[in-house]
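Colleague: Below is a structure I'd like to ask you about.
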């Protein structure tokens, strides 16, 4: 291999990496939009009966003024973000105290509740909507089995990666759909507040998510979390095999078992080629099943990063709030949905490019959410007026 060759960057395969992460994100958003269009075409009726911690400080009413709605939505967002911050710091404390088994049990129980409770509610609504004949006992048995399998698929690595990815996307769909039932003003202010929180939690030195990641790196442990990991990009070539090459600088002062790892890169190594110099090259398959050898083997709760296998990891919270944005837009019209979807995809692409430059965990919400919110209001205030005027004057129809 040519030693002067530039190390392979994620920019060289940005197209495949984008598809690997944009496909599940798009499926999640499309499913939420579909559920919104089927189940609650009238947002006012569904919002009034739905309450959660996101509406603890203020309950929006149609008779309230716009200023009152904004202030109330701001209070709701502060309460919600504060609750998330406290919960995340509790998670940091438990991880610091090495209560990993308890965290895994808690995450598994949470996944079971989401699949069983929220999933059951949505399935009941769909059954009622389409008049599907099924008895309650059969429904409960199927729902229980589906939820149990989902918990094991998400938190046990022996399952197929496609099954795990499918369950993660479905969990994101369930949570996102119920977030779309929040009042309109609360939804938009909450999305902006969560984007700002994501920046602080991931990038600030005292951010809870950054503390978790640094602690996991220092201990060489995984954080129990709901994280979507895309498959790594593997290129097939008739003459070469893609490998991860660990270059070790052998030192005469140390024995062979304590070599210092200098560079970790993906390269195409000829199968016949065997290096013979002071710098030894050990090639291993690109999909490495030994996470303890990787420097970036941590699991991110939110944000975007690179896993030990070279695959991109995206927190399930990002799936959820992307889908909340387009789901809320679907309550207005589909033209706004298209605009918000393109804005989110563009923001995610920008975030992936930043990831390729900085090579560390980055918040995935800010760029996409900000672009999505801006495009939503531009579509409602400008694009709709333009399209209506063009249609009424037969310029387009």
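Cβ coordinates come from backbone N, Cα and C, glycine included.
Pulled from Swiss-Prot, these are the listed features:
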- 1-17: topological domain 'Cytoplasmic' (TOPO_DOM)
- 18-38: transmembrane segment (TRANSMEM)
- 39-76: topological domain 'Lumenal' (TOPO_DOM)
- 77-97: transmembrane segment (TRANSMEM)
- 98-106: topological domain 'Cytoplasmic' (TOPO_DOM)
- 107-127: transmembrane segment (TRANSMEM)
- 128-135: topological domain 'Lumenal' (TOPO_DOM)
- 136-156: transmembrane segment (TRANSMEM)
- 159-179: transmembrane segment (TRANSMEM)
- 180-188: topological domain 'Lumenal' (TOPO_DOM)
- 189-209: transmembrane segment (TRANSMEM)
- 198: active site (ACT_SITE)
- 210-305: topological domain 'Cytoplasmic' (TOPO_DOM)
- 306-326: transmembrane segment (TRANSMEM)
- 318: active site (ACT_SITE)
- 327-336: topological domain 'Lumenal' (TOPO_DOM)
- 337-357: transmembrane segment (TRANSMEM)
- 358-366: topological domain 'Cytoplasmic' (TOPO_DOM)
- 367-387: intramembrane segment (INTRAMEM)
- 388-397: topological domain 'Cytoplasmic' (TOPO_DOM)
Colleague: Hey, which of the active-site residues 198, 318 is the loneliest by Cβ count within 10 Å?
Modeller: 198
Colleague: Provide the three-state DSSP residue tally for the topological domain 'Lumenal' (327-336): helix first, then strand, then coil.
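Modeller: Tallying H, G and I as helix, E and B as strand, the rest coil: 7 helix, 0 strand, 3 coil.
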Colleague: The topological domain 'Lumenal' (128-135): which same-chain residues, six or more beyond its ends, come within Cβ distance under 8 Å?
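Modeller: Apart from its flanks, the topological domain 'Lumenal' (128-135) reaches 38-39.
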Colleague: Just to verify a number: CA distance, residue 198 (active site) to residue 318 (active site), in angstrom, no decimals.
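Modeller: Cα-Cα, rounded: 10 Å.
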Colleague: Out of 18-38, 77-97, 136-156, 159-179, 337-357, which stretch touches the transmembrane segment (189-209) the most, going by CB pairs under 8 Å?
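Modeller: Most Cβ pairs under 8 Å with the transmembrane segment (189-209) come from 77-97.
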Colleague: Going through 18-38, 77-97, 337-357 one by one, which has the most CB pairs that fall under 8 Å from the transmembrane segment (159-179)?
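Modeller: By the under-8 Å Cβ criterion, the transmembrane segment (159-179) pairs most with 18-38.
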Colleague: For the topological domain 'Lumenal' (327-336), would you mind checking the mean pLDDT of the predicted model?
Modeller: 89
Colleague: So, taking each listed stretch (77-97, 136-156, 337-357) in turn and counting its Cβ pairs to the transmembrane segment (18-38) that are under 8 angstroms, which one gives the highest count?
Modeller: 337-357
Colleague: Against which stretches of its own chain does the transmembrane segment (77-97) lie, if we need a Cβ under 8 Å and a gap of at least six residues from its ends?
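Modeller: That would be 53-54, 56-57, 103, 186, 189-190, 192-194, 197, 201, 208-209, 211-212, 215-216, 223, 301.
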Colleague: According to DSSP, folded down to helix, strand and coil, what is residue 198 (active site)?
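Modeller: Assignment for residue 198 (active site) reads helix.
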Colleague: Kindly assign residue 318 (active site) to one of the three DSSP-derived states: helix, strand or coil.
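Modeller: Going by the DSSP assignment, residue 318 (active site) falls within a helical segment, counted as helix.
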Colleague: By DSSP, what is the split of the topological domain 'Lumenal' (128-135) into helix, strand and coil residues?
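Modeller: Across the topological domain 'Lumenal' (128-135), the residues distribute as 3 helix, 0 strand, 5 coil.
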Colleague: For a three-state summary based on DSSP, what are the helix, strand and coil counts in the topological domain 'Lumenal' (180-188)?
Modeller: 5 helix, 0 strand, 4 coil
